[in-house]
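Before any comments, here is the structure.
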Amino acid sequence: MKTHERAANLALAGLSLAPLVVKVEPNVNVILTACLAVYVGCYRSVKPTPPSETMSKEHAMRFPLVGSAMLLSLFLLFKFLSKDLVNAVLTAYFFILGIAALCATLLPSIKRFLPKEWNDNAIVWCAPFFHSLSVEFTKSQVVASIPGFFFCIWYAAKKHWLANNVLGISFCIQGIEMLSLGSFKTGAILLAGLFFYDIFWVFFTPVMVSVAKSFDAPIKLLFPTGDAARPFSMLGLGDIVIPGIFVALALRFDVSRGIKNRYFNSAFLGYTVGLTVTIIVMNWFQAAQPALLYIVPGVIGFVAVHCLWNGEVKPLLEYNESKAEEEDAVEEDTDSKQNKKEE
């Protein structure tokens with residue numbers, strides 16, 4: 001982990017804890033927390049192989065429709081069933097997810113302080129009476145899951161904003177780290193679709209705001225305001241993860257070409273500007289705003305202007321992580337064959 005990555009992790013942890021001891025301007029807190037989560041997630045996504053889950057163009061086109069169906073389903077569940085019952089089921093579901101997400105987030109930092117064999121030697125646990133069901137884990141993962149268990153218990157029992165944010169930030173970092181758009185074309189399709197999705201469900205229906213207020217699970221970050229009438233400002237995790245995976249793609253594009261953060265800087269700046277404009281407009285009109293309305297043009301616009309300015313539209317549009325992975329595999333196979341011949 002490089003110095004700037006370690007500094008970003010420490011800054012994110014400090015900013016999350018700061019409202020416990022000092023009053024932090026919630027608008028500034030929203031922007032800094034979201035940007036730091038994106039920054040950390042992007043750098044964690046840079047690996048020898050692309051992230052494990054790659055989105056296709058077809059998936060990107062269907063995503064707003066699937067998201068709309070899920071959003072409407074939740075709205076109807078809260079409307080016709082007991083709110084406490086729905087949230088109890090969701091809490092149980094996110095309890096498991098939260099432990100896994102926080103474990104995966106903390107593991108790289110914790111591994112450095114544990115014996116090597118704890119990181120390498122896997123333990124296989126088979127379920128009683130169902131031996132086909134097995135789980136493989138290391139002792140390091142067990143250690144890393146302890147804080148996750150603590151925060152999930154705390155959240156389930158108290159619904160404290162800090163426990164909510166720790167789990168929410170973990171979901172954001174893991175989402176950005178593990179998900180790949182594959183190409184900028186797929187990213188543009190996804191962001192454009194969710195641009196209209198966000199506008200429709202926020203401006204033209206009460207569904208989005210109603211679900212956000214009723215959904216008692218770590219799917220949004222909460223920022224204390226000190227105002228009894230409106231105790232928290234909030235930001236949905238989707239407003240961090242969705243643009244974040246596009247920004248991460250820009251960083252990996254830079255790395256693949258051996259250049260230093262050129263397009264990443266543009267995409268990250270676009271995200272920061274878009275989120276800042278969201279906060280300004282929200283405070284001006286004193287009403288909820290679809291954040292992607294401002295973030296999507298910021299991210300795509302800054303990257304588009306940058307590549308047009310440099311005359312690099314073609315390499316940007318032709319970049320495909322799946323093809324790059326296949327080419328690397330072919331090169332490795334060729335090298336290994338040549339080495340065998342030489343031997």
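One is the number of the first residue shown, and numbering goes on along the chain from there.
Glycine is treated like the rest: Cβ placed from N, Cα and C.
What Swiss-Prot annotates here:
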| type | residues | note |
| --- | --- | --- |
| TOPO_DOM | 1-19 | topological domain 'Lumenal' |
| TRANSMEM | 20-40 | transmembrane segment |
| TOPO_DOM | 41-62 | topological domain 'Cytoplasmic' |
| TRANSMEM | 63-83 | transmembrane segment |
| TOPO_DOM | 84-87 | topological domain 'Lumenal' |
| TRANSMEM | 88-108 | transmembrane segment |
| TOPO_DOM | 109-136 | topological domain 'Cytoplasmic' |
| TRANSMEM | 137-157 | transmembrane segment |
| TRANSMEM | 161-181 | transmembrane segment |
| TOPO_DOM | 182-188 | topological domain 'Cytoplasmic' |
| TRANSMEM | 189-209 | transmembrane segment |
| ACT_SITE | ASP198 | active site |
| TOPO_DOM | 210-230 | topological domain 'Lumenal' |
| TRANSMEM | 231-251 | transmembrane segment |
| ACT_SITE | ASP239 | active site |
| TOPO_DOM | 252-266 | topological domain 'Cytoplasmic' |
| TRANSMEM | 267-287 | transmembrane segment |
| TRANSMEM | 291-311 | transmembrane segment |
| TOPO_DOM | 312-343 | topological domain 'Cytoplasmic' |
| REGION | 322-343 | region 'Disordered' |
| COMPBIAS | 324-334 | compositional bias 'Acidic residues' |
| MOTIF | 340-343 | motif 'Endoplasmic reticulum targeting signal' |
Give me the CA-CA distance between ASP239 (active site) and ASP198 (active site), in Å, as a whole number.
10
Leading stretch by Cβ pairs under 8 Å, where the reference is the transmembrane segment (189-209) and the options are 20-40, 63-83, 88-108, 137-157, 267-287:
63-83
Taking the Cβ of ASP198 (active site) as centre, how many other Cβ atoms lie within 10 Å?
25
Could you name the stretch, out of 63-83, 161-181, 231-251, 291-311, with the greatest number of CB pairs under 8 A to the transmembrane segment (20-40)?
231-251
Which stretch, 231-251, 267-287, 291-311, tops the Cβ pairs under 8 Å count with the transmembrane segment (161-181)?
231-251
Folded-back contacts onto the transmembrane segment (63-83), same chain, C-beta under 8 angstroms, at least six residues removed:
55, 190, 193-194, 196-197, 201, 207-208, 210-211, 214-215
Integer average pLDDT (0 to 100) for the topological domain 'Cytoplasmic' (182-188):
94
When DSSP states are folded down to helix, strand and coil, where does ASP239 (active site) land?
helix
Report, as numbers and ranges, which residues of the same chain sit near the topological domain 'Cytoplasmic' (182-188): CB under 8 Å and 6 or more residues beyond its ends.
50, 54-57, 60, 245-246, 249, 253, 300, 303, 316-317, 319-322
What parts of the chain pack near the topological domain 'Lumenal' (84-87), using Cβ distances under 8 Å and only residues at least 6 beyond its ends?
74, 77-78, 214-217
